[in-house]
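According to TrEMBL:
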{"type": "BINDING", "residues": "41-48, 158-161, 195-198", "note": "ATP binding site"}
{"type": "ACT_SITE", "residues": "48", "note": "active site, proton donor"}
{"type": "BINDING", "residues": "72", "note": "beta-alanine binding site"}
{"type": "BINDING", "residues": "72, 164", "note": "(R)-pantoate binding site"}
Ligand code: PAF
């Protein structure tokens, strides 16, 4: 059954209501098919497409959601400026084996009177959570809704948003949600910049400066390998980023993968994570060490 749509010829159907979504997913699952979900906020790039490909490889059916979630933005300007390219996204997905795009209106996710928040304590107090109050509550709430609305069997998230991935994993475990969460490696431009929808907001000049983020993480990783301690290396990395043209560094930190606790040296499975501002755009990145 999978692949019944002629890839490259027609756009996947765009579903706007949870009823239409459930009808499609229910039909596929009743036929014994495994349904994969790729949640996105649109402005699709190669990073998203790598998630789609991972879903295609292990699922019979693939649903991509496009929903710019107002609950996870900290400022109205950021929400307003977030790139919205649904037409182009649908064209892009026509070249994949995607069975449906779920692009609901805000009222389908947050109907009038909506007053429930999913909040994952601890993991969300640090890193991006500390700098973007309420952001992960917004993410956890919308992802729970996307899981319960689609009832997908598997869901695919990028490791670029490493903290988000850990928050979603914990939420799924704590709430016994019946979906398998899979993390996929960060996709990078040839020069190393992590792919992100926000890169579209960078001028050519800022785009060149943005490289300093990945470079700082790599230099810090080298410093750790040479026996250095994370706090001192982070201070030097922060100074280099500011000198390169970043206006503010929210954090650059060595953290344990499982609970995101601070580490001085990578004694257990660890990641270097950073978030910084450049020309009014907040960029994040992380690498394994
Ligand atoms: O990573 C994103 O694009 C968003 O945070 C997500 C997971 C689609 C929830 O809105």
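Cβ from N, Cα, C; glycine included.
Counting Cβ atoms from all protein chains shown, residue 197 (ATP binding site) has 19 others lying within 10 Å of its own Cβ.
In the structure shown, the C-beta of 164 has more C-beta neighbours within 10 angstroms than that of any other entry among the binding-site residues 72, 164. Shown are the recorded positions 45, 48, 160; the one with the most C-beta atoms within 10 angstroms of its own C-beta is 48. If you take the Cα of residue 160 (ATP binding site) and the Cα of the residue listed as 'active site, proton donor', they are about 11 angstrom apart, rounded to a whole number. With a CB cut-off of under 6 A applied against ligand 1, the binding-site residues 41, 158, 160 are reduced to 41. Under the three-state DSSP scheme, residue 41 (ATP binding site) falls in the coil class. If you take the Cα of residue 158 (ATP binding site) and the Cα of the residue listed as 'active site, proton donor', they are about 8 angstrom apart, rounded to a whole number. Less than 8 angstroms from the CB of residue 47 (ATP binding site) sit 158, 160, 186, 187, 194, 195, 196, each of them six or more residues away in the same chain. The number of other Cβ atoms within 10 Å of the Cβ belonging to residue 195 (ATP binding site), over all protein chains shown, comes to 18. Other C-beta atoms found within 10 angstroms of the C-beta of residue 158 (ATP binding site) number 23, with every protein chain shown included.
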